[in-house]
Amino acid sequence: MLQIQDNMNILNNLTSRFPAFSLTGIPGLESAQAWISIPFCCLYAIALSGNSMILLVISTQQSLHEPMYYFLSMLSATDLGLTLSTMSTTLGILWFDANEVSLDRCIVQMFFLHGFTFMESGVLVSMAFDRYVAICDPLRYTTFLTNSRIIQMGLLVIIRAVVLIVPLLVLLKPLSFCRMNPLSHSYCYHPDVIKLACSDTRANSICGLVALILTTGIDTPCIVLSYTFIIYSVLSIASPEERYKVFSTCVSHIGAVAIFYIPMMSLSVVHRYGQSAPKVVHSMMANMYLLLPPVLNPIIYSVKTKQIRKAILSYLTK
């Protein structure tokens, strides 16, 4: 009986229902974190200022009150959300070595982080549909993509994200976690958190898989299908100049899709199959996954979209 009691005490010491997690900065470079914070601050500043500028010019310039730019403003809003949801913990680690976070705070961060990720995926599908209608059925463009329909599409993107993320987070609360809870990233990432649980996580894994199928699993084929029709329609245009002009309107969106899905899929592969990879690889992939889209999207759209570029220059010169 004494041995059983000792074993129970050891088990209680190793597990906790209300754990604290230890976030990870840049493994192996802890002594240089103050210097590493400088490029991170620059990237966050670019993401915040760039996306805020896109939202500002679209809301104030009457000439940009069109479906394409409404969807772009949604993309900038989700990028701002992604930036703000991770900035506090990442800079907290780099500046103050504040790497401890509670389960409740982790759950709040995951709600916004994964929620905005699901929303961005939905917005990219909406933008692909916008380009499909504009190129393949231009006569119905203004009658089909009305303001009310765009609002409905935006609400559907938000509702889908909330419906998919809430069960994931509710299932985290009953889990027991080991007392030593080192996470692989500078923020709480759902697959990273459930790997540390000492109790059964099959329901969590199944729910996560369902959420992945209902977002990336549906959105990616929809985007590919849209561009299949777009390419077919563009190739049917006789004039090479017209082909280039029409397809150039899609270049910015193709860039946004690439910088969102490629880092996300790479991080998933590293998590699933790259356990032997150095920890610094996990950390860098995780930071690229969430920093690249908010930083690069405003730059891509400012450079490749003439109307956005002119509106920004006009606003700055005033």
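Any Cβ shown, glycine's included, is placed from N, Cα and C.
What TrEMBL records for 34-58 (among others) is transmembrane segment.
Positions annotated as domain 'G-protein coupled receptors family 1 profile' by TrEMBL: 50-301.
Under 8 Å from some Cβ of the transmembrane segment (70-95) lie the Cβ atoms of residues 23-25, 33-34, 36-37, 40-41, 44, 47-48, 51-52, 54-55, 58-59, 101, 109, 112-113, 115-117, 119-120, 123-124, 126-127, 130, 147, 150, 154, 157, 186-188, 256, 287, 290-291, 293-294, 297-298, 301, 308, all in the same chain and six or more residues away from its ends. If you look up TrEMBL, you'll see 70-95 (among others) marked as transmembrane segment.
Long-range neighbours of the transmembrane segment (107-129) within the same chain, counting only residues 6 or more positions beyond its ends whose Cβ lies under 8 Å from a Cβ of the stretch, are 68, 71-72, 74-75, 78-79, 81-82, 84-86, 89, 101, 153-154, 156-158, 160-162, 164-166, 168-169, 172-173, 187-190, 193, 211, 215-216, 219, 222-223, 226-227, 253, 256-257, 260, 264, 290, 293. Summarising the annotation, TrEMBL assigns transmembrane segment to 107-129 (among others).
What TrEMBL lists as transmembrane segment is 150-172 (among others).
The transmembrane segment annotation in TrEMBL covers 209-234 (among others). Cβ atoms under 8 Å from those of the transmembrane segment (209-234) belong to residues 118, 121-122, 124-125, 128-129, 131-132, 135-136, 160, 164-165, 168, 243, 246-247, 250, 254, 257, 261, 264 of the same chain, restricted to positions at least 6 beyond its ends.
Under the heading transmembrane segment, TrEMBL lists 246-264 (among others). Sequence-distant neighbours of the transmembrane segment (246-264) (same chain, 6+ residues past either end, Cβ-Cβ under 8 Å): 75, 117, 120-121, 124, 127-128, 131, 134-135, 216, 220, 223, 227, 230, 234, 237, 285, 288-289, 292-293, 296-297, 300-301, 304-305.
Positions annotated as transmembrane segment by TrEMBL: 284-303 (among others). Tertiary proximity for the transmembrane segment (284-303) is limited to same-chain residues at least six positions away from its ends with a CB under 8 Å from its CB atoms, namely 26, 40, 43-44, 46-47, 50-51, 53-54, 72, 75-76, 79-80, 82-83, 86, 90, 113, 120, 184-187, 189, 252, 255-256, 259-260, 263-264, 266-267, 270, 309, 312.
Per-residue confidence over the domain 'G-protein coupled receptors family 1 profile' (50-301) averages 90 (mean pLDDT, predicted model).
Sequence-distant contacts of the transmembrane segment (150-172) (same chain, six or more residues past either end, CB-CB distance under 8 Å): 67, 70-71, 74, 103, 107, 110-111, 114-116, 118-119, 122-123, 126, 190, 193-194, 203-204, 207-208, 210-211, 214-215.
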